[in-house]
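> As listed in Swiss-Prot for this protein:
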{"type": "BINDING", "residues": "H114, H118, H124", "note": "Zn(2+) binding site"}
Amino acid sequence: MIIQISNRQEDFQIDDELTSDIEKSIRICLLQELNDDNYEISLSFVSESEIRKLNSDYRDKDSVTDVLSFPLDDDFAIQTNLLGDIIICCKRAIEQAKEYNHSIKREIVYLVVHSMFHLLGYDHIDESDRIIMRNKEKSALKEIGIYKDEEFK
């Protein structure tokens, strides 16, 4: 498993402990879904201005969001084992962590898991798809050791 991490923001320090938790969460998602972790993912931590621009350019939404997922074309991903890109806005993740009363590390791990399932082909546009994706997230988070309203160990 290869995870290319790029930190292009100054709102939160991406330390070794968080990096390890991120690697663990990505591996769990891959093993649960594909029974294989021989994939490459790009993960970028960005500022509000950068994620707003990406959201505007690729989704026609001129707003800050917490996370964006850019899966690669299925045929290309299968041939190369490249799944795609995850872009996280740390400032927005900090705000959400406060809102939900848990740590920023917990929020970032959740956002990584959520985004991984987008890279793996899931979505939450309609209710039935949302339920399927949410159950996948819950299963992965449980294996990681994150439960609703709790910190992970």
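Using the three backbone atoms N, Cα and C, a Cβ is placed for every residue, glycine included.
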> Of all the binding-site residues given, H114, H118, H124, which residue's CB has the most CB neighbours within 10 A?
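Max Cβ neighbours within 10 Å, all protein chains included: H114.
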> Write out, in the order they occur in the sequence, the residues of the chain not among H114, H118, H124 that have a C-beta within 8 Å of the mean position of the C-beta atoms of the recorded Zn(2+) site.
S69, S115, F117, Y122, D123, M133, E137
